[in-house]
Amino acid sequence: MDAHCVVRRHLPPPLQLPPFSSPTLVYRRRVAGAVVCCCAAAPVDQHQHQERPWEAYDRDIQSHAGSDLALSLVLLADMQAAGARPSSAAYARLIRALARSGRTLEAEALLLEMRRLGPPPGAAHYNALLEGLLATAHLRLADRLLIQMADDGVARNRRTYMLLLDAYARAGRLEDSWWVLGEMKRRGIRLETAGYGMLVRLYRDNGMWKKATDLVMEMQELGVELDVKIYNGLIDTFGKYGQLADARRLFDKMRTEGIKPDISTWNALIRWHCRVGNMKRALRFFIAMQEEGMYPDPMIFVMIISRLGEQGKWDEIKKLFDGMKNRGFKESGAVYAVLVDIYGQYGHFRDAHDCIAALKAENTKLSPRVFCVLANAYAQQGLCEQSVNVLQLMEEEGFEPNLVMLNLLINAFGTAGRDLEALAVFQHIKDSGMSPDVVTYTTLMKSFMRAKKFEKVFIEIGTLLF
């Protein structure tokens with residue numbers, strides 16, 4: 001039985017639409033911050049109303065969708081006002097661009113428009129919206145979209161299953177991942193290297209590191225090439241479960257085979273050696289990474305500072321930072337300098353506003369990643385108010401808070417012993433339509449354990465399992 005038949009019994013039917021009877025559909029679209037009313041009318045004399053050919057509109061909509069989405073939407077409105085309709089390919093580009101930028105409601109509106117007025121949406125259109133929903137952790141909405149896809153008679157393809165497998169593996173939904181694999185096998189869709197990489201991540205997150213070893217043997221038997229992502233996943237898996245000798249052997253093996261380690265490879269090796277307190281090897285990998293010409297990840301730098309700071313080795317921290325500057329890492333230098341100050345004995349940037357102002361003064365390009373790193377740094381110090389300030393500043397800069405950022409906020413409140421605030425953030429995640437992941441639940445459980453509210457820990461365990 002298709003697993004989504006079970007979902008159908010518990011969820012209201014998605015995208016319920018009455019039969020199309022009126023020759024005119026009036027709807028609203030938000031374009032560049034303003035709401036534009038568009039009217040898709042019955043066929044008219046296009047030559048009378050178009051200022052340029054249909055092909056020109058369609059071509060420009062597709063070409064600008066990835067680089068200037070606002071312009072593409074303006075062109076779409078002009079095109080439809082002239083009585084013309086975009087092609088199926090143009091719709092696919094627009095839905096994908098809107099979904100990837102987090103504007104899933106507008107992407108869904110375009111899909112509904114296709115279902116009402118044509119051309120009929122295909123797998124590419126459903127997959128584009130599915131990708132956006134999964135990226136924003138709206139897993140229930142994604143399930144409903146799959147039901148609608150089946151109701152419309154659109155067959156799922158390799159892209160559909162790979163999107164689902166990636167999302168389920170990231171969210172730790174083991175049974176759903178097995179269902180996807182079973183469906184792929186039933187339909188004769190073979191896993192490629194990327195799919196095996198997702199399986200490695202799934203085994204890592206569910207404590208199945210021995211299965212990861214078996215998976216490598218299976219790949220070699222099938223002739224599937226092991227790329228850098230597979231090696232990274234395996235090194236991370238072995239490191240997470242304390243098999244650091246195996247992780248180092250894999251690292252040596254990948255270099256012997258001519259596969260160049262990337263930033264994720266170095267991050268995994270440094271992270272897990274830091275976790276077990278082997279700072280000598282961690283720093284050796286940290287220096288070797290820089291000698292390869294790679295920028296250290298700020299999150300990894302935070303971990304090294306934390307470990308050295310716990311040991312009171314502030315001179316070692318300063319020496320590391322000076323060595324980075326001497327190697328010419330100026331682009332991220334301001335970020336690292338701020339992190340050193342946050343963790344320093346006499347830090348200058350105890351206020352998030354001052355921290356962001358300093359980064360702007362250094363012309364540092366702000367991104368959700370930078371905000372998450374800074375929020376994590378404050379959270380680990382127990383400075384939960386500053387973590388909240390980082391979240392507010394992130395919103396002021398036009399970035400939408402994601403699940404990673406909100407998980408960090410739960411951690412900040414939990415570290416400070418403020419379990420009620422941590423629970424409030426958790427409730428906000430659910431109310432906003434996001435699906436809490438394994439990290440969300442485990443972080444919340446840690447906050448209850450710190451507050452000695454063990455009965456709530458068991459409640460959350462039950463929620464996670466059932």
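Cβ from N, Cα, C; glycine included.
Annotated features in TrEMBL:
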{"type": "REPEAT", "residues": "87-121", "note": "repeat 'PPR'"}
{"type": "REPEAT", "residues": "157-191", "note": "repeat 'PPR'"}
{"type": "REPEAT", "residues": "192-226", "note": "repeat 'PPR'"}
{"type": "REPEAT", "residues": "227-261", "note": "repeat 'PPR'"}
{"type": "REPEAT", "residues": "262-296", "note": "repeat 'PPR'"}
{"type": "REPEAT", "residues": "297-331", "note": "repeat 'PPR'"}
{"type": "REPEAT", "residues": "367-401", "note": "repeat 'PPR'"}
{"type": "REPEAT", "residues": "402-436", "note": "repeat 'PPR'"}
Between 87-121, 157-191, 227-261, 367-401, 402-436, who has the most Cβ pairs under 8 Å to the repeat 'PPR' (297-331)?
367-401
Would you list the DSSP helix, strand and coil counts for the residues of the repeat 'PPR' (297-331)?
26 helix, 0 strand, 9 coil
Other same-chain positions with a Cβ less than 8 Å from the repeat 'PPR' (262-296) and lying at least 6 residues past its termini are 228-229, 231-232, 235-236, 239-240, 242, 244, 247-248, 251, 254, 303-304, 307-308, 311, 320, 323-324, 327, 329, 331-332, 336
Let's see if you can do this one: DSSP helix, strand and coil counts over the repeat 'PPR' (262-296), in that order.
26 helix, 0 strand, 9 coil
Take the repeat 'PPR' (192-226) and average the pLDDT across it for me.
75
